[in-house]
Amino acid sequence: MLNKLALSGIKHRLRDYSVLFSGLIIASAIFYMFMSLATNSAFLKSNSPAQATSFIYGFGVVLLAIITIVYISYANGFLLSMRQKEYGMFMMLGAKSSKISKMIFVETFTIGAIATVLGSVIGIIATGFVSRLVIDALDMQVKHFNSFYLPALLSTFAFFIVIFIISALKNSISIRRTKVLTLLHKDSQPARIKKNPILKAFQVILGIIFLAIGYATMILMGSNAALIYLGVPVALFTIVIGTYFMINAVITAVISALKKNKKFSQKGLNNFTLSQLSFRISDYTKILSMVAMMFALALGAITVGLGFQNQISTVVEGQNYYDVTVNNINDAQQKRIDKLDTKKVTTYSYKASKGTIYYQASEFKKTPFKYQKFNMKSMISKTTSTTDPSNADVSFELLNANLPRYRTSRVAVVDDAKFNSIDSKKSSLTLVRTKSFNKNLAAIKKINQAEQKRYPELKDAGLSKYDSYVMVNGIFSGLEFMGLFLGIAFLAMLASCLMFKILSGASSDVKRYNMLYKIGTRAKVLRSTINKEIAVLFAVPAGLGIVHVLIGLQMFSKILYKPYMNIEIPFGIFIVLYLGYYFITRYLYKKIVLK
Amino acid sequence: MQKIVEVKNIEKIYGKAGEKQYKALSDVNFEVEPGEFVGIMGASGSGKTTLLNILSTLDTPTSGQVHIGGQDITKLNTNEMADFRANKIGFIFQDFNLLENLTAYENIALPLALQNTNAKKIDPAVNSIAEKLGLTDILNHYPTELSGGQKQRVAAARALVHDPSIIFGDEPTGALDSKSARALLDTMSKINHEDNVSILLVTHDPFSASYCDRIIFIKDGEIGQELKKADHSRGEFYQEILDSLGTFAE
Ligand SMILES: Nc1ncnc2c1ncn2[C@@H]1O[C@H](COP(=O)(O)OP(=O)(O)O)[C@@H](O)[C@H]1O
Ligand SMILES: [Mg+2]
């Protein structure tokens with residue numbers, strides 16, 4: 001009989017349950033997605049030049065596990081909050097608490113198990129989809145990656161089963177311990193803002209100190225990569241605590257200040273909104289700091305991931321000035337070059353004789369030879385042009401552009417008379433600079449292939465720009481893939497966490513909004529109140545997270561050439577996705593609260 | 001003189017056409033004069049709440065007209081209804097309906113804040129009504145820290161703070177002990193006399209009803225007899241109510 005009642009209770013709250021359920025499914029799907037990367041050692045080995053990758057991934061797993069545990073405990077709290085009134089009622093009517101706690105155990109565990117299985121299936125599909133998308137979009141080369149990976153599936157199951165057994169135990173124990181009356185009146189027990197100014201001020205100071213230490217550590221790591229093993233945990237710890245104190249103390253302070261300002265607080269529903277926020281603050285502090293951290297991690301991962309993409313062109317650009325080199329040009333190659341969006345096509349004649357390659361001085365005078373001069377100190381290449389490529393540095397660049405067989409030759413630049421007198425076949429070297437290497441990539445690839453067919457020696461020793469592009473792209477793609485994947489996984493997790501937390505408060509808000517409606521609040525005003533409240537909850541962690549990332553990028557100042565280059569792209573992607581979550585949360589919240 | 005409430009041929013049918021329907025009100029007619037304290041009395045399920053919800057624009061009648069302060073409220077759109085509730089009427093509910101995340105002061109100030117009253121005017125308004133209802137000492141308390149009687153007086157203060165044309169009470173004493181109930185009724189009748197606020201009180205309790213000037217009986221959704229206090233004392237009126245309940249219940 002009780003079981004039947006409980007089931008009908010679930011039916012009644014199907015929408016709340018579907019929110020809970022989809023949250024759990026998302027959690028397990030993301031966990032699987034991440035595990036499919038982290039447990040795949042073949043993939044990790046073949047795609048990362050850096051030793052630190054396994055370490056980074058290990059760290060990622062720990063983080064994700066912590067986040068997932070926190071996430072599920074929220075979800076679990078949501079489940080309990082939905083049920084406790086009903087269970088309190090059953091108990092009041094005489095149901096034994098042992099019976100109730102058994103029911104809660106079964107319910108929690110069943111929901112968890114179903115969600116995990118569904119989540120893993122979705123995880124497999126999503127992994128395939130996301131990896132395809134990322135790989136195609138960025139022309140990446142990723143080896144040994146499979147969306148279905150058994151060890152990942154098994155570890156996901158194991159992890160979630162353990163967590164859900166613990167949650168189920170926790171729920172059933174907490175129901176058994178709580179008094180029936182408390183259960184019945186659970187949602188009418190507000191927590192007041194604790195007003196202890198000294199403690200608050202102390203927290204603000206502590207928060208600033210911790211954040212300062214964390215930021216300083218990240219900047220230090222940037223200048224000395226050896227500190228990374230100690231620095232990452234230190235930075236993480238201090239920033240987490242710093243973030244927590246900042247949010248806890250600062251938000252409370254801001255709310256109290258706004259409440260004191262009667263002109264603001266006594267206007268429309270402002271006071272109500274402030275009270276809504278302040279009453280949940282102790283609850284929300286934890287999740288907001290967690291979200292701020294995750295936001296920073298996700299945004300950081302995406303930024304760094306895309307940073308590697310920029311790195312590819314920077315590195316490639318730094319190696320060769322000319323996008324295409326063709327020897328002894330023929331009609332077919334000429335036709336292909338004509339199709340390029342060229343900036344300048346240069347052709348030099350040369351004659352090879354007895355270990356020396358002769359060029360004509362007059363040709364260099366007409367069109368100087370350009371190359372990328374590498375500065376060892378700044379690690380930056382600068383485009384330089386010269387009319388005399390016979391000095392050692394430059395002749396090296398010129399020889400590299402030529403056929404491999406001449407690589408050990410000497411370069412001589414001579415006047416026309418001398419050049420004509422040399423008794424050797426006259427050859428030509430055509431150098432093309434396009435307006436954009438990336439935009440002409442496909443055409444350049446064709447020319448490169450054709451050239452390799454004409455001169456098979458180029459195949460193994462090719463140093464054309466396209467060849468270095470392929471090499472560099474291979475190295476960075478793995479890193480990039482990880483960054484994007486991690487970023488998207490964290491983002492999905494973080495946003496649904498926040499969404500959950502907000503939505504789980506919604507059911508207890510129904511009465512409040514209904515009352516406001518009764519005393520004559522226009523529906524539009526109610527909606528804008530909700531929008532404001534949720535906007536604040538989303539904006540706070542986003543703001544802190546962005547600061548974390550901006551400073552955190554300092555860590556990569558040695559690895560990435562310009563860590564802040566094109567930063568608006570990842571930020572843009574991120575903000576669009578994040579706004580999407582904001583609007584979904586807003587929509588769902590309103591659906592629950594305003595019928 | 002213009003009537004404060006005029007109800008004409010109201011009918012309320014619950015349930016959509018074709019489904020199971022229930023007629024909760026049929027052909028209800030009555031009026032309330034300005035400054036009058038009117039009680040609507042009937043057993044549980046007789047349609048009292050339904051009627052009050054219609055009068056307060058929370059629900060619409062299936063047919064018929066309701067004029068409040070000369071305005072036909074059945075013709076308002078939803079925004080106008082919201083504004084009407086915010087400006088013209090005050091509510092006191094059986095279960096208080098206070099916002100437990102606002103202090104007593106903030107709860108009382110809410111209707112004024114909703115009308116975007118100047119912040120400077122809010123403070124004196126709240127304080128004066130709080131003083132009248134004896135709430136001055138508890139203004140900074142949250143509802144969970146108040147007794148039922150105090151909560152209901154806060155709710156009454158909230159219903160009065162914006163000078164509504166009429167106050168609707170749906171069994172406001174229903175959740176109170178007899179002492180608190182008496183105190184609330186005393187306060188309401190004081191406000192009615194001193195400030196000339198019209199009150200429409202819905203109740204099934206003869207004691208509460210004895211505070212009214214006039215009582216309209218409702219049974220199974222239909223208006224029955226009417227009882228006037230005239231110059232009877234409250235004790236006599238109470239007895240009279242009990243007597244007519246006996247005959248009306250037949
Ligand atoms: N939303 C509704 N849908 C269907 N029937 C309702 C609804 N609300 C009330 N009723 C019915 O209308 C009748 C009058 O209810 P109500 O006005 O609440 O009575 P009272 O307040 O006098 O106890 C009752 O029989 C009740 O079952
Ligand atoms: Mg009722």
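Positions of Cβ are set from backbone N, Cα and C atoms, glycine also.
Among the features that TrEMBL reports, transmembrane segment is placed at A:17-35 (among others).
The transmembrane segment feature in TrEMBL is assigned to A:55-82 (among others).
Over the domain 'ABC3 transporter permease C-terminal' (A:59-177), the average per-residue pLDDT in this prediction is 79. The domain 'ABC3 transporter permease C-terminal' annotation in TrEMBL covers A:59-177.
For A:103-128 (among others), the entry in TrEMBL reads transmembrane segment.
Only residues 6 or more beyond the boundaries of the transmembrane segment (A:148-169), in the same chain, are considered here, and those with a CB under 8 A from a CB of the stretch are 28, 31-32, 35-36, 38-40, 65, 68-69, 72-73, 76, 104-106, 108-109, 112-113, 116, 119-120, 123-124, 128. The annotation transmembrane segment is assigned in TrEMBL to A:148-169 (among others).
Marked as transmembrane segment by TrEMBL: A:201-221 (among others). Taking Cβ pairs closer than 8 Å, the transmembrane segment (A:201-221) reaches residues 227-228, 231-232, 234-239, 241-246, 248-250, 253, 551-552, 554-555 in its own chain, all 6 or more past its ends.
What TrEMBL records for A:227-258 (among others) is transmembrane segment.
Per TrEMBL, the feature transmembrane segment maps to A:287-308 (among others). Beyond the transmembrane segment (A:287-308), the same-chain residues lying 6 or more positions past its ends with a Cβ under 8 Å from any Cβ of the stretch are 63, 67, 70, 74, 239-240, 243-244, 246-248, 251, 476, 479-484, 486-491, 493-494, 497-498, 501, 537, 540-542, 544-546, 548-549, 552-553, 556, 560, 563, 565-567, 569-571, 573-574, 578.
According to TrEMBL, the transmembrane segment annotation covers A:481-503 (among others). Same-chain residues lying 6 or more positions outside the transmembrane segment (A:481-503) and placing a CB less than 8 Å from one of its CB atoms are 19-20, 23, 26-27, 30, 33-34, 37, 47-48, 53, 56-57, 60, 64, 67-68, 70-71, 74-75, 78, 130-131, 134-135, 140, 142, 283-284, 287-288, 290-291, 294-295, 297-308, 534, 537-538, 541, 570, 574, 577-578, 581, 584-585, 588-589, 592.
Positions annotated as transmembrane segment by TrEMBL: A:534-557 (among others). Counting residues 6+ beyond its ends, the transmembrane segment (A:534-557) has Cβ neighbours under 8 Å at 215, 218-219, 221-223, 228, 231, 235, 239, 243, 246-247, 251, 277, 284, 288-289, 291-296, 299-300, 303-304, 307, 498, 502, 563-564, 567, 571, 575, 578, 581-582, 585-586, 589 in the same chain.
Below 8 angstroms of C-beta separation, residues 19, 295, 298-299, 302-303, 305-306, 487, 491, 495-496, 498-499, 502-503, 506, 530-531, 534-535, 538, 542, 546 of the same chain, each at least six residues beyond the ends of the transmembrane segment (A:569-589), sit close to that stretch. Under the heading transmembrane segment, TrEMBL lists A:569-589 (among others).
The list of residues near the transmembrane segment (A:227-258) in space but at least 6 beyond its ends in sequence, with Cβ under 8 angstroms from a Cβ of it, reads 52, 55, 59, 193, 195, 200-201, 203-204, 206-215, 217-218, 220-221, 264-265, 270, 274, 277-278, 281-282, 285-286, 288-289, 292-293, 296, 540-541, 544, 548, 552, 555. Taking H, G and I as helix, E and B as strand and the rest as coil, DSSP gives the domain 'ABC3 transporter permease C-terminal' (A:59-177) the counts 104 helix, 0 strand, 15 coil.
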